Structures are given as C-alpha cells and as structure tokens.
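Per TrEMBL, these features apply:
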BINDING   Gly17, Ala18, Ser19, Ser43, Arg152  FMN binding site
BINDING   Tyr182, Arg198  dimethylallyl phosphate binding site
DOMAIN    11-202  domain 'Flavoprotein'
Amino acid sequence: MNAGETQRRPWIVGVSGASGTPYAAAVLRALLEAGESVDLVVSRASRLTLLDETQISFRDAHWQDDLREWLSRGADGKPGTFETDVDGVRHWSAGDLAAGPSSGSYPSKGMLIVPASTACVAGVALGLSKDLLQRAAGVTLKERRPLVVAVRETPLNGQTLRHLVTLDDAGASVVPASPAFYAGATHIQDLVDFVAGRVLDAAGVEHGLYRRWKGELGGGDATRTT
Ligand SMILES: Cc1cc2nc3c(=O)[nH]c(=O)nc-3n(C[C@H](O)[C@H](O)[C@H](O)COP(=O)(O)O)c2cc1C
C-alpha cells in the first residue's frame, strides 16, 4: 500500500443456514448504501435457505450475478425491487480457511452474522471454526471487534440460550431476528427492515431502515394523517 492510500476495512457479513435470507439482503443493501465495503461469507447450509426462500442458487463461480439478483429481491420475492451496486463486495468461499477474514491481521470493522443458525451460535460459542464463517467470528471476538449475532430460531432450547449467554459474555451483541410493530409496519419489507436496522444499530452503522420511536404512542402509525 502506498503512503496516503486508505486501507479497505470491510464489515464481514456471514450468512448462515437459518431462515431469514431477506434480513441478510436488507443488511447488505444498507451497508453498501452507507458506503461501507463488505466481505461476504455464505455458509453451505445457507445456500439451501436461499434456494428455498428466493429460488436463487448461490454459486461461488458466479457470486456477483447471484448476489445482484438476490439483493434486487424484496421480501415478497419480487425481482427488480431494488438496484444495488455490488462493487464494494468481496466474496470468500465458506470452505476457504485461508481467506482474509480467517486472520486477525486482516483489517475489518467487525462482523455481522445475519441470520445466525443455532448451529452457528453453538460453533462460535464453542470456538469450533468448522468453516470460514465460524473462524471469522472467532477472530472478530479475539480481536475485540464488534460481533453482531442475529439468531433465528423458535423456540430456543436451554443449550442455545447458554451459547447466547457465552457470546454475550464474550462481547458479542445478540440481536434476535424478532420484528417489532411500533414502527408503523404495513408490509413484510418493513418488518425485515426493522430487524436489519437493529442489526446495524448494534454495529453503529447509520441507516434509515425504520422509523425510530419518538416517545409518542401511535407515532409510528403509517395510516394516521395527523
Ligand atoms: C429451509 C431450512 C430452514 C432452516 N431454518 C433454520 C432456522 O430458522 N434456524 C436454525 O437455527 N436452523 C435452521 N435450519 C437448519 C440449519 O440450516 C442447519 O442447522 C445447518 O447445519 C446450519 O449450518 P450453518 O450454521 O453452517 O449455516 C434450516 C434448514 C433449512 C434447510
């Protein structure tokens, strides 16, 4: 790197195999719109949820095309709803344990796991590093960088609850993928954007994904005109 050249410092976004690929799409779009660079890791299992929820096969060899198509979809699955420039994204294969984010010396702002499966929560809590996603999360914790874990499962058993406490104790922010209704949601996308917005709040990234509470009951009601 030449003197004066600024170093790329991305957010690592890990997509694991829990239901909720629209949450990941909303987070990715908002990060890119905020001018952040992104390193993307898509677990093997999440390719199944992505296929199930969007009918998109995510291919390592064609990741840019597949990502562009994925990010264009609204939560209702309609293609062409959004247009996102994916030039700021670098993709790493989940099996590539020599990838940049596998080392603490690789620059990053932190990591967002969205959605996080209970298997992923267990793997990170126990330090298993069974793939790049889990390794990058462990690295993020050891480097004391922000780690946000948007867990998606219901009901939660005691084992997962204990793993979540372990992650909280280690400094991670546990942000359950549980939408709220006070921000005036009228569409599925509003509920998705609320969760994505809370994930970004935990990371300290600015966004305009949902209407913030203003201290007034009914203030988020989109049907009110006064
Ligand atoms: C369609 C589908 C939906 C799933 N939804 C969830 C879920 O919401 N939460 C969860 O913890 N696991 C869910 N799973 C199971 C995970 O994919 C599975 O535990 C997997 O091992 C996770 O691996 P990963 O953490 O490496 O991505 C789902 C699996 C499929 C096929």
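Every residue, even glycine, has its Cβ placed from backbone N, Cα and C.
As the structure is a computational prediction, the values presented were derived from the model and not from experiment.
Contact annotation for binding-site residues (Ser19, Ser43, Tyr182, Arg198) versus ligand 1: Ser19, Ser43, each with CB under 6 Å from a ligand atom. On a Cα basis, Arg198 (dimethylallyl phosphate binding site) lies 22 Å away from Ser43 (FMN binding site). Reported as a whole number, the C-alpha separation between Arg152 (FMN binding site) and Arg198 (dimethylallyl phosphate binding site) equals 14 Å. Sequence-distant contacts of Gly17 (FMN binding site), defined by Cβ-Cβ distance under 8 angstroms and a gap of at least six in the same chain, are Ser43, Arg44, Ala45, Ser46, Arg47, Leu48, Thr49, Ser117, Ala119, Cys120. Per-residue pLDDT, averaged over the domain 'Flavoprotein' (11-202), rounds to 97. Across the structure, Ser19 (FMN binding site) and Arg198 (dimethylallyl phosphate binding site) are spaced 18 Å apart at their Cα atoms.
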